[in-house]
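S.K.: Okay, these came from Swiss-Prot:
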- Asp416, Asp418, His526: Mn(2+) binding site (BINDING)
- 416-418, 445-447, 472-476, 526-531: substrate binding site (BINDING)
- 1-14: compositional bias 'Low complexity' (COMPBIAS)
- 1-20: region 'Disordered' (REGION)
- Lys400: site 'Important for catalytic activity' (SITE)
- 70-90: transmembrane segment (TRANSMEM)
Amino acid sequence: MANSPAAPAPTTTTGGDSRRRLSASIEAICKRRFRRNSKGGGRSDMVKPFNIINFSTQDKNSSCCCFTKFQIVKLLLFILLSATLFTIIYSPEAYHHSLSHSSSRWIWRRQDPRYFSDLDINWDDVTKTLENIEEGRTIGVLNFDSNEIQRWREVSKSKDNGDEEKVVVLNLDYADKNVTWDALYPEWIDEEQETEVPVCPNIPNIKVPTRRLDLIVVKLPCRKEGNWSRDVGRLHLQLAAATVAASAKGFFRGHVFFVSRCFPIPNLFRCKDLVSRRGDVWLYKPNLDTLRDKLQLPVGSCELSLPLGIQDRPSLGNPKREAYATILHSAHVYVCGAIAAAQSIRQSGSTRDLVILVDDNISGYHRSGLEAAGWQIRTIQRIRNPKAEKDAYNEWNYSKFRLWQLTDYDKIIFIDADLLILRNIDFLFSMPEISATGNNGTLFNSGVMVIEPCNCTFQLLMEHINEIESYNGGDQGYLNEVFTWWHRIPKHMNFLKHFWIGDEDDAKRKKTELFGAEPPVLYVLHYLGMKPWLCYRDYDCNFNSDIFVEFATDIAHRKWWMVHDAMPQELHQFCYLRSKQKAQLEYDRRQAEAANYADGHWKIRVKDPRFKICIDKLCNWKSMLRHWGESNWTDYESFVPTPPAITVDRRSSLPGHNL
């Protein structure tokens, strides 16, 4: 129980062992003496089990063995009773409150290390932070020891000279030891409920006091040397604090006060609700409606936050303040993918704004194509990943943090530029930050995620950029370290084009059927591996690579090209292939032929019209194969002239913004 330091387990000793050590004859003497006193109505103290004072009044004719039998039992009971009273008198405040203010059971156990914080509180910071509160000072305290609770009493009295007790000790039972982070965030759950109904582990609810609290104060554990953001005790305490705060009646909004080295859960206690921070002290005044909605969510990804079958619920927000967004940084090869993604969103029936973040490396020509597809251009300054090597693929992917600066929107559905929206997903705007599908382990996939733009969240991400380690070196890993309390949406809303090594034939068949289903069953199809527009349309070129073959499927490949063909003709040019890419495709095909890959895709004759279209100065791509891999000179932009921007109808577009 939080607020419940160690208490020794009582050991009850009976007289059974003593009786076994007595001889039968002595036992008989004692029994006869006991019956004689009972019949004679003599000294009644002989049969009173708790009469442990007047030893001298015992019958002097009794055998010493009788004294041994009964008086030792009495002595042991006296010791037990004394120990119990001592424990009650000197126990932590949590027990006194439990005994006097609730029917909670006594909990004889050591403090759970998951809830323990060794932080020395800076009471000067506490006092100065409390100056931001004008309301009364009835304080609910959680997870403090008895000395700290006494200090809270002193703090409350320093502002109020009344005699009324201003501190209420809150009780919270610990979560069971088997409630681990992996149990709360399993890698897989049976979303379709084919064999079982996913159920989250039970976490004890806090008992909400009947008395109104102006301030809820909580001491949070933070083990900086470990995986502090994935801590069951830390999560449990914050959910308990949110529960008490959300229980306020009427229009009253209390404050929540954390003492912790580490920042609270940013999508539970939002930085926009942060009133003050001093050192390890955090004071919030949360929006209670928002808090109540979030408390209706499952405690982890162990259950779907948006069950299958109820995806048609409308968003309650303002559609003009909701948008789809993606980002391109230094990667013109994804322009075609972003254009196709925009086309798929419009085909799904959504009319929400489309916002794309680009940096200065995206040319005016490519910007014109994006605008023609419906994207509103926002120019950004790139953010370098400080842990990435120069020119590495992940060098600039922290630029994704700029999404939180889109504060002219309340909700953003971020989508990667390599996916298609097959069915309308506007209902996801009703979901909180961060809502996403599972990836591996306890992590979410950031390819589709709901976020709530806020400048202070952006600042939070930037403040820890040198401190937080990304598991994969990229933005997805970083965001998973910050937003550990994420909410699972069905995998059909970000279905990966991928056949796992462990997939059996039946699983592969089901996936293939999903890829090609008409009308679509999947909401979003996410193209991993070599992208469709970088292959010829004749077949999925992932088949020609032993590295990428797990991403190969002609069915999903054709699905993408159907969307491409529905795009305005003027946008097709943004999907043309450079000569170097044609050389790469031929190189992979020859490798597959040499290895005699059984699928036989390397035998298919290419009929894609783009095969004969040259957009650079290196049209003889076959000559490149003679020197393949020798140098990188074919990447020079001088070999790829930039065409003039196409004409765009801007009547339906908003002015661009810079971030």
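In case you wondered, yes, glycine gets a Cβ from its N, Cα and C as well.
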S.K.: In angstrom units, rounded to an integer, how far apart are the Cα atoms of Asn472 (substrate binding site) and Lys400 (site 'Important for catalytic activity')?
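M.R.: If we compare the Cα positions of Asn472 (substrate binding site) and Lys400 (site 'Important for catalytic activity'), the gap is 15 Å.
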S.K.: I'd like to know which of the recorded positions Lys400, His526 has the most other Cβ atoms within 10 Å of its Cβ.
M.R.: Lys400
S.K.: How many Å lie between the Cα of Asp475 (substrate binding site) and the Cα of His526 (Mn(2+) binding site)?
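M.R.: It is 17 Å, counting Cα to Cα.
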S.K.: For the binding-site residues listed here, Asn445, Asn472, which shows the highest count of neighbouring CB atoms within 10 A?
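M.R.: By the 10 Å Cβ neighbour count, Asn445 comes out on top.
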S.K.: Reported as an integer number of Å, what is the Cα distance between Asp418 (Mn(2+) binding site) and Lys400 (site 'Important for catalytic activity')?
M.R.: 15
S.K.: Going by DSSP, give the three-state secondary structure for Asp475 (substrate binding site).
M.R.: helix
S.K.: Neighbours of the Mn(2+) site Asp416, Asp418, His526: Cβ within 8 Å of the Cβ centroid, same chain, sequence order.
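M.R.: Counting only non-site residues, the set is Gly337, Ile415, Ala417, Leu419, Gly447, Tyr527, Leu528.
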S.K.: Pop the Cα-Cα gap between Asn445 (substrate binding site) and Asp416 (Mn(2+) binding site) into the table, whole Å please.
M.R.: 10
S.K.: What are the sequence-distant neighbours of Tyr527 (substrate binding site), meaning same chain, six or more residues apart, C-beta distance under 8 angstroms?
M.R.: Gly337, Asp418, Leu419, Leu420, Lys497, Phe551, Ala556, Trp560
